[in-house]
Each structure stands twice: as structure tokens, then as C-alpha cells.
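K.L.:
Starting off with a structure, shown below.
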Amino acid sequence: MELVQESPYRFRIDREAPMRVPGVVFAVPELLPEVGADRSLDQVANVATLPGIVEASYAMPDVHWGYGFPIGGVAATDVAAGGVVSPGGVGFDISCGVRLLTAELDRAELPRVIEALMDGLDPAIPRGMGRGAVWQLADRAELDAVLRGGSRYAVERGHGVPRDLARCEDDGAVTDADPAQVGERAVQRGQGQVGSLGSGNHFLEVQAVEEVYDEPVAAAFGLRPGQVCVMIHCGSRGLGHQICTDYVRIMEGVMPRHGIEVPDRQLACAPVDSPEGRAYLGAMAAAANYARANRQLLTEAARRVFTRVAGTDLDLVYDVSHNLAKIEEHERDGGTRRLCVHRKGATRALPPDHPDLPADLRDVGQPVLIPGSMGTSSYVLTGVAGNPAFASTCHGAGRTRSRGEATRAARGQDVRRDLAARGVAVRGASRKGLAEEMPDAYKDVSAVVEAASGAGLCRLVARLTSLGVVKG
DNA sequence: ATGTCC
């Protein structure tokens with residue numbers, strides 16, 4: 001595996017058979033995965049072999065090893081040229097993503113209420129493996145309504161306000177969701193988890209705007225220095241996981257019939273225009289809507305606490321996924337092409353004037369929400385014109401230590417107490433969960449967003465600092 | 001990420 005530096009923030013993996021296109025990694029040398037220690041660059045090259053892939057197999061500055069595709073990978077396939085869709089290019093946590101809300105509360109007022117807020121959030125935010133959810137669905141029919149309607153259905157049922165939807169990617173629901181393509185086991189796992197955080201790196205944090213890099217854009221997003229915010233990071237729980245599992249198996253079985261060979265069976269895929277490709281996209285869209293409804297429900301739970309304890313509502317800045325495949329139109333080779341853009345651990349970042357933006361964000365671009373590791377900083381970025389990676393950028397800090405290594409490193413330490421000593425109030429569901437997510441197990445998210453910005457993938461708007469963590 | 005192996 002050889003990397004050729006093309007510019008300060010861009011490295012190329014030259015095309016060699018069976019790659020159909022080169023690999024491109026956006027990074028600075030310090031962020032590049034260690035060759036040998038991490039197979040993610042081999043994965044970038046493997047993705048470049050997929051039928052119909054356009055231009056390059058891209059990796060964001062937070063790239064690391066994943067299932068088949070690297071996490072932090074972007075691959076677009078040309079639908080009309082036999083382009084494929086691959087569940088491994090979306091990931092197990094379908095439409096995992098981030099939403100950011102602002103409170104009418106200044107950081108200076110927070111010490112007075114933070115403990116009461118955290119004590120209110122603690123029982124209000126179901127989290128951890130399995131157990132608990134804000135919303136008890138009546139029956140399968142209501143689950144189907146969630147799978148079709150996402151946040152839109154949640155708001156219709158009174159869980160939120162119409163303005164929320166204007167600030168959601170896809171206005172709160174992906175079209176073309178097909179609940180009939182969701183398997184029975186996925187349905188069973190999904191029935192009792194709508195409105196729950198999950199575990200791992202998912203969280204709800206109370207944050208404050210620490211630093212503003214672009215005042216006009218921050219103002220357009222509704223962010224000012226010192227403003228208290230809430231960030232929610234979660235996904236489609238067991239339902240999305242089961243859908244990914246089911247369709248990897250289905251696609252493994254039909255690849256020979258479609259004449260597709262891949263260098264890694266975890267890259268199982270099928271043409272977008274095939275029964276299996278369409279079925280996956282229908283199920284994937286259903287899981288995406290489940291994830292969006294999930295974030296909407298947790299927003300409502302947090303709103304009730306903020307209203308009761310601090311007398312403030314929460315306004316939605318934006319809600320955006322970082323694990324999804326979307327059929328999008330992009331200008332390439334002098335024409336408009338329909339592409340299936342896989343973003344796995346990569347955030348969509350629409351530039352100013354994009355037609356999919358709400359009118360009040362048209363001049364400034366799409367808010368891009370980048371969570372940092374637990375109790376550190378998170379970032380708000382904005383999309384820029386000329387993004388070379390199909391309007392995509394990074395998604396977070398990226399692990400440097402596995403969960404097991406982190407747990408060993410945390411032995412004898414009290415992660416919760418260490419965070420509290422730095423002024424971060426923590427309400428975790430388990431000691432083990434906190435240990436696995438200790439900040440030392442992650443890269444510096446600041447270096448990641450600076451590289452993404454330097455590479456022309458996005459622009460920095462604001463840095464948020466963590467003041468309270470609710471974890472699974 | 002995930003009822004961390006049906």
C-alpha cells in the first residue's frame with residue numbers, strides 16, 4: 001500500500017487491478033492510519049473495486065478500520081452504469097447521526113441549574129444495551145408509521161413542533177422507505193427501542209459555545225458565544241443492526257448471479273437497479289426514519305426537562321446522518337448523473353445555495369455536526385462549494401484504542417470522577433461503558449476538523465465544550 | 001454500533 005501526497009491535505013492510492021478508480025485520503029500525515037496497524041487503507045483500495053464506482057474511493061481525515069468499508073469512507077456509484085449499493089458502505093447503525101439544539105440560556109447561568117438538569121435527564125433518557133424507550137408503540141402498524149414517517153410522524157403525533165422538521169435532513173423523513181422489506185427479527189428488535197440512546201459512543205450532552213470562528217454563519221445557525229446547547233448522537237439501534245446483518249447475507253448469496261466479485265466478502269453488494277438492491281434501499285430508508293424518529297423523541301424528552309428545570313425550550317439547529325447511502329444527482333463529466341452516494345462515518349455537507357437547504361440556511365450552507373470524544377469538544381462546521389467528495393466531510397474523532405484496550409487503560413482510574421474534576425457532570429449507565437469511551441481512546445477531534453477544513457471539505461463555524469454527559 | 005455467537 002503506497003500513499004502519494006498530492007497536496008497538503010490530500011493523498012492518493014494509485015489505481016491497480018482490480019481497482020476501478022484510485023483511492024483518495026484527505027488527511028495530514030499525523031492523522032494517517034499506521035500502515036500495518038490498521039487495515040483501513042486496504043479497505044479504501046478494496047472499495048475502489050466496486051462496480052460502477054465513480055471518480056475515487058474517498059476517505060475522510062477520521063478514517064479507521066470498519067466492516068468491509070472503512071469508517072470515514074465515501075463511495076459513489078453510477079446507477080445507470082450498473083452501480084451497486086452495499087450494506088457495509090452504510091454500516092450497522094443505519095442513519096446514525098447527530099442533532100444540535102440551542103437553549104435560551106447562557107453558560108454563566110448554568111452552574112445554578114446543571115445538577116438539577118442532569119438529575120432530570122438521568123431518568124428521562126433511556127440508554128444502555130437493550131432496555132427502555134421513551135415511546136411505547138401501540139402495535140406493528142404504528143412501527144410501520146415510524147418507518148415511513150420518521151421525525152415527521154413523531155411531530156404529527158405531538159412529539160415536537162413543525163419547525164423541527166425544517167431543520168432536519170430530508171425534512172425529517174427519507175422517502176421510499178419500504179417497511180415490507182424489513183425482516184421480522186428487525187421489527188421485533190425495533191418495536192421497543194424508539195426513543196432510546198443506546199450505548200457505545202452514543203450520548204446526549206449539555207454543551208456551551210466555547211469559540212466562534214465564523215460569526216455570520218454561527219448567527220444564521222442560531223449560535224452565539226456562551227450559549228448553552230444540547231447535542232444528541234444516536235442511531236437506529238437493534239433494528240438497523242439487524243437489517244444490515246440480514247442484507248449482507250442476502251447480497252452474499254446473489255452476487256454470483258449478478259456477476260459481481262469483490263475482494264472481501266464484507267463488501268457484499270448488489271446493483272442499485274436489482275430486486276436485492278431496491279429491497280435493501282427500502283429497508284435502509286425505513287431504518288433511517290427509525291433513527292430520525294429516535295432523535296426526535298429524545299429531543300422531546302430533553303425539552304421537558306429543560307422546560308421544567310430551567311424554564312427554557314430547545315430550538316433545533318440541525319439533524320444530520322453520518323451513516324447512509326443516498327441516491328443523489330451530481331454534476332460529473334459535463335452531465336448530471338444519478339449516483340448512489342455511500343457515506344459511512346462521513347457527514348453530508350451541502351454548500352450554500354443547494355436546493356435541499358431550508359430558505360433560512362440557503363446563504364450559509366448546511367450545518368455539519370461533529371461530535372468529539374466524551375466530555376471534550378464538539379464542532380459545528382458548514383458545507384462549502386467545490387467539495388471534492390460528493391458534498392461529504394468527516395464525522396468525529398475516530399478511535400485510537402479498541403474498547404478492550406480502553407477498558408484496560410482505564411483500570412484503576414475513575415473516568416467519571418476525572419471528568420467531574422474537569423467540570424463535566426456525568427450520568428452514565430455503566431462504569432464499563434464510560435471506560436470504553438474514555439477520551440484517551442480517541443484522536444483529537446480538533447486535528448480532524450482542521451484537516452477536513454484544510455482539504456476543502458467544509459469550513460469551521462464554532463467549537464462547543466462539554467459540560468454534562470448522559471451516556472449509555 | 002449490536003439482546004458484543006442462533
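Numbers here mean position along the shown chain, with the first residue as 1.
Every residue gets a Cβ built from N, Cα and C, even glycine.
All TrEMBL annotations are machine predictions without curation.
Marked as Mn(2+) 1 binding site by TrEMBL: A:D93, A:H202. As annotated by TrEMBL, GMP binding site applies to A:201-205, A:322-323, A:371-374, A:S378, A:395-398, A:K471. Residues or ranges marked as Mn(2+) 2 binding site by TrEMBL: A:H233, A:H322. According to TrEMBL, the feature active site, GMP-histidine intermediate maps to A:H395.
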K.L.:
From the binding-site residues A:D93, A:H233, A:H322, pick the residue whose C-alpha lies nearest to the C-alpha of A:L204 (GMP binding site).
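P.N.:
Answer for the nearest of the binding-site residues: A:H233.
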K.L.:
Need the DSSP three-state call for A:H233 (Mn(2+) 2 binding site) to compare against my parser.
P.N.:
strand
K.L.:
Have a look at the binding-site residues A:D93, A:H202, A:H233 and say which one has the shortest Cα distance to A:N323 (GMP binding site).
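P.N.:
Ranked by Cα distance from A:N323 (GMP binding site), first place goes to A:D93.
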K.L.:
Sequence gap of 6 or more, Cβ distance under 8 Å: name the residues on the same chain that satisfy this around A:H233 (Mn(2+) 2 binding site), in order along the sequence.
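P.N.:
Those within reach of A:H233 (Mn(2+) 2 binding site), by Cβ under 8 Å and sequence separation of 6 or more, are A:C96, A:G97, A:V98, A:N201, A:H202, A:F203, A:L204, A:P371.
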K.L.:
Would you mind reading off the Cα separation of A:H322 (Mn(2+) 2 binding site) from A:H395 (GMP binding site), to the nearest angstrom?
P.N.:
6
K.L.:
Reduced to three states, what secondary structure does DSSP give A:H322 (Mn(2+) 2 binding site)?
P.N.:
coil
K.L.:
So if I measure Cβ to Cβ from A:H395 (GMP binding site) and keep only same-chain residues at least 6 apart in sequence, which ones fall under 8 Å?
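P.N.:
Residues satisfying the criterion: A:M60, A:D62, A:I71, A:G72, A:H322, A:G345, A:A346, A:T347, A:I370.
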K.L.:
In three-state terms from DSSP, label A:L204 (GMP binding site) for me.
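P.N.:
Where A:L204 (GMP binding site) sits, the three-state DSSP reduction gives strand.
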K.L.:
Could you measure between A:G398 (GMP binding site) and A:D93 (Mn(2+) 1 binding site) for me? Cα positions, answer in whole angstrom.
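P.N.:
Cα-Cα distance, A:G398 (GMP binding site) to A:D93 (Mn(2+) 1 binding site): 16 Å.
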K.L.:
Between A:S373 (GMP binding site) and A:D93 (Mn(2+) 1 binding site), what is the CA-CA distance rounded to a whole number of Å?
P.N.:
18
K.L.:
What same-chain residues, at least 6 away in sequence, bring their CB to under 8 Å of the CB of A:D93 (Mn(2+) 1 binding site)?
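P.N.:
Listed in sequence order, they are A:G235, A:S236, A:G240, A:H241, A:A291, A:N323.
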K.L.:
Please work out the number of neighbouring Cβ atoms within 10 Å of the Cβ of A:S373 (GMP binding site), leaving out its own Cβ.
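P.N.:
A 10 Å sphere around the Cβ of A:S373 (GMP binding site) contains 24 other Cβ atoms.
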K.L.:
For A:N323 (GMP binding site), what is the tally of other C-beta atoms lying within 10 angstroms of its C-beta?
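P.N.:
Looking across every protein chain shown, the total is 29.
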